[in-house]
Amino acid sequence: MDALKSAGRALIRSPSLAKQSWGGGGRHRKLPENWTDTRETLLEGMLFSLKYLGMTLVEQPKGEELSAAAIKRIVATAKASGKKLQKVTLKVSPRGIILTDNLTNQLIENVSIYRISYCTADKMHDKVFAYIAQSQHNQSLECHAFLCTKRKMAQAVTLTVAQAFKVAFEFWQVSKEEKEKRDKASQEGGDVLGARQDCTPSLKSLVATGNLLDLEETAKAPLSTVSANTTNMDEVPRPQALSGSSVVWELDDGLDEAFSRLAQSRTNPQVLDTGLTAQDMHYAQCLSPVDWDKPDSSGTEQDDLFSF
């Protein structure tokens, strides 16, 4: 909860930071001085300009060897096609990953954070970022890969997704607790109403009045719920503000089930598995976003497929 409050306060202090985009070859205006400042903008979303390599199906929700093999297939397919890679913007937040086309600004993909089971900066193709997520249409697992300008960018995106997942998990925990409290209160309220009906011969109008009073009390409650009748199973609800300066998200049953199932596959249910080593994580955390756009010391960068 302390992490949520801290992130919320940081976002209020600097909401404009979330509008910036990294990896776009100088499109940004001013970047945070360190990774901590960047991390604080997650609630609204961080933008990364990448190139989409493609997607392939995988059999398991996580694994370094599994993702490496999937990325190898994706890269081989992209090379064989001979087509220019699609330039995209990746927006990462605790809600998930939103993928849009840079030229048309058209939405390509909107993946709930609760469906993502793994992300990595590939070791063989060191400028590739990839994530594995459960399809919103069925239970198949998809590996999506993206070409970054350099390895440090791929590491930064991976770290951002992992951090977004951590915040989202805390939202989920709070949401579950609040839902249990509401269900318990609702059950107790129903028991009281039933007892009144048993002992008092009331008219239907009196029962209706009692229901209206219950609705008024519900409307005054600090938590507002999201309808579970949504037609989009991957539509991630907006966080609802609570009187205690906390944030709660309501999940539909489909997302809740998917998140719970994927949690069983993780090494630690509270942490998104990544392909980053402890050294990689430390290096990425020490980076300034300004460094992400600097050319590598090896010379002029080429961002086409054949520079691997």
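Indices start at 1 and increase along the chain as displayed.
Cβ from N, Cα, C; glycine included.
Straight from Swiss-Prot, the features:
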DOMAIN    42-196  domain 'PID'
MOD_RES   MET1  N-acetylmethionine
MOD_RES   SER14  phosphoserine
MOD_RES   SER186  phosphoserine
MOD_RES   SER202  phosphoserine
REGION    249-276  region 'AP-2 complex binding'
MOTIF     212-216  motif 'Clathrin box'
Cβ neighbours of SER186 (phosphoserine) where a neighbour is any other Cβ within 10 Å: 12
Mean of the pLDDT scores, which run from 0 to 100, over the region 'AP-2 complex binding' (249-276): 60
For SER186 (phosphoserine): DSSP state (helix, strand, coil): helix
